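Features reported for this protein in Swiss-Prot:
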type	residues	note
SITE	Asn9	site 'Discriminates between blocked and unblocked aminoacyl-tRNA'
BINDING	Tyr14, Phe64, Asn66, Asn112	tRNA binding site
ACT_SITE	His19	active site, proton acceptor
SITE	Asp91	site 'Stabilizes the basic form of H active site to accept a proton'
Amino acid sequence: MKVIVGLGNPGSKYKETKHNIGFITLDEIAYRQNVSFNNSNFEADIAEFFIGTEKVLLVKPLTFMNESGRSVGPLLTYFGVDEEDLIVIYDDLDLEIGKIRLRQKGSAGGHNGIKSLIAHLGTNVFPRIKIGIGRPSKNDTVIHHVLSTFPKETHEEMLLAVKKAADAALYACEGHTFVETMNQFNGK
């Protein structure tokens with residue numbers, strides 16, 4: 001079983017914000033797979049489908065970004081899923097809008113959702129797909145930047161990054177190792 005987690009905040013207020021790019025990407029995957037999200041006992045909305053014989057869960061934690069691990073940790077334990085079968089998709093300030101970067105492990109890098117996952121999983125070794133949201137302008141704060149929507153002029157680049165991230169996540173679920181997936185999608 002593979003588990004793809006998109007990080008974001010629940011509620012219509014946050015639906016199209018930069019911080020919700022993980023949720024937006026899971027919506028793209030769900031659309032492609034023709035599946036819908038349902039509420040679960042894990043403080044998350046979950047959709048499921050199969051790629052061949054591989055069951056895939058799409059997970060949107062409903063705990064708000066900073067408590068994502070509270071949802072994901074128990075879910076992985078319940079389903080007996082190891083961290084290497086987890087893929088986390090989230091926003092990254094250090095990447096330009098339209099860019100993605102795949103990593104097998106790493107620190108939280110100041111991202112509170114990842115910090116929560118590391119704390120609840122007890123490891124920083126899990127595959128991740130980072131989607132660029134760019135840095136705030138000099139007159140903007142990080143909090144305002146991540147909780148704002150994408151400027152209209154960057155919408156096309158954002159959608160392209162979402163599609164690339166969805167492609168990468170699905171590729172990893174098709175029997176490819178995450179190293180193969182990184183080689184296929186990093187720098188493209």
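Placement of Cβ uses the backbone N, Cα and C atoms for every residue, glycine included.
Worth saying up front: this structure is predicted, and the values here are computed from it rather than measured.
Geometry remark: Asn9 (site 'Discriminates between blocked and unblocked aminoacyl-tRNA') versus Phe64 (tRNA binding site), CA distance 5 Å. In terms of Cα spacing, the recorded positions Asn66, Asp91, Asn112 that come within 10 Å of the residue listed as 'active site, proton acceptor' are Asp91.
DSSP assigns Asn9 (site 'Discriminates between blocked and unblocked aminoacyl-tRNA') to coil, not to a helix or a strand. Taking the Cβ of Phe64 (tRNA binding site) as reference, residues of its chain lying under 8 Å away and at least six apart in sequence are, in sequence order, Asn9, Pro10.
Taking the mean position of the Cβ atoms of Tyr14, Phe64, Asn66, Asn112 as the tRNA site, the remaining same-chain residues with a Cβ inside 8 Å of that point are Asn9, His19, Thr63, Met65, Glu67, Ser68, Gly113.
The separation of Asn112 (tRNA binding site) from Asp91 (site 'Stabilizes the basic form of H active site to accept a proton'), Cα to Cα, is 11 Å.
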